[in-house]
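This report concerns only the one structure given below.
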């Protein structure tokens, strides 16, 4: 059972502290949503988890301090889908998805049958098989997002960290994307996704971490965490929240600035 | 997919370039007599021309061209910038400044080996300065900015040497060297340049996977297990040593590192690793053929190689620019 835990994680960029003392243990078989307004430190938090940013505090993967793992060892355990990813060369979709196998290749070895199979599985799951021969830089926003997700899936790591995987997807593909992440978690993986869509997060996530101004302000099942009071405090919005286990959450309006309590 | 015919064509072109490099020159030697001279029979003068003048020149053309092509391809991949080439990091200018210093202080006249050695030192010094300026940052943009600063500083140093040169002859000697040429190079030059080029090629060609991963940006590559700091150190060292050694014997030869990867890329699957070796081969062919061209173009002074590559390079680059902007 894979687990990722952070204790007292903090990140300072320049003079600004963007993540303050976040502690959490994330366990396999769960889809964990990281929520919070723009600039709350969500991306910095996941980048720090992966060791892509210098940070204070400690991160461990499966109980092993991440600092003692090499980049290659981390890469085989945690697949990462960065936010708003730019593609720098006009390579084919298949070639791009194949990059996900890099952590598994020994020195001087080529992509083998097992890697081929993993690439095909990832492309089938993200439904990008039909795009295999297209040029990755010439895809539509939605196609590109799915291809990049396929690239992350091709790593077949026990942990998948996706930073805004639903950005620029239409509603059908957003739901499809969430179903895909859900299926990863149900198959025993740990999926951590930075999300902006509260409705989808409430429906699909097992657990949500809510951040505001760098601090973790709430952590738990969506039904318990995503209350009108918390949404007003963190996002400054009013919302209807109905239903039980998998609540239906609809953002309605902004709370007037004067009536808003400052974020914790 | 990489075109099936790419490598056969490149290998044929390499063989053709080597044959032309040895076979063509101001003294016309028919192939049969050339072959006899090469295997040890035949006229001793013709043998001297072939083995001591043309052969080292052809070998240097292949080696320097391969190094410049490979360095261009590796740096374009690393910086994810199709305009990158060795001069972007200041390595070429640093080496040129080193050579100019050797010429200026008369070191080159006293000890012929001083020119390449000081040029390599210049490239390494430029690299050291680059490390200081770019600091611990892993970003390509920081590196480009630092490279521009280093290249500009070295360029200013070269101008200063020209400005202060004691007499017109010294200035002309420096200018001639800056134009870039493979004229009158001997096996001594080959021995100086080839080990540096071999080290450079070994360091750069091994970075294919890291460069591929960088297609996804720096975070993406790091998350795929690439040690960015090590990749950068190897690329910088490989460029400084390889290009420093090459520039030391050939003078400044521009555009090869910029253009060759652009010519090769459409024939591959366009991933940075697929462009590396073909760029080395194509660079070797291009530079050797350009060096053959300077010998057969009739002119009062022999044309300088760097001048020819610049003239060859600009139209090719313009075509690519127009295509990029979809003007045709």
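Every residue, even glycine, has its Cβ placed from backbone N, Cα and C.
If you check TrEMBL, you get these features:
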TRANSMEM  B:58-75  transmembrane segment
TRANSMEM  B:87-107  transmembrane segment
TRANSMEM  B:113-133  transmembrane segment
TRANSMEM  B:140-162  transmembrane segment
TRANSMEM  B:187-206  transmembrane segment
TRANSMEM  B:235-263  transmembrane segment
TRANSMEM  B:275-293  transmembrane segment
TRANSMEM  B:305-322  transmembrane segment
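Relative to the transmembrane segment (B:305-322), the listed stretch B:235-263 leads the set B:113-133, B:235-263, B:275-293 in CB pairs under 8 A. Here the transmembrane segment (B:275-293) lies next to the transmembrane segment (B:187-206) in space: the count of CB pairs under 8 Å, restricted to residues six or more apart, reaches at least 3. Stretch with the most C-beta contacts under 8 angstroms to the transmembrane segment (B:87-107), considering only B:58-75, B:113-133, B:187-206, B:235-263: B:113-133.
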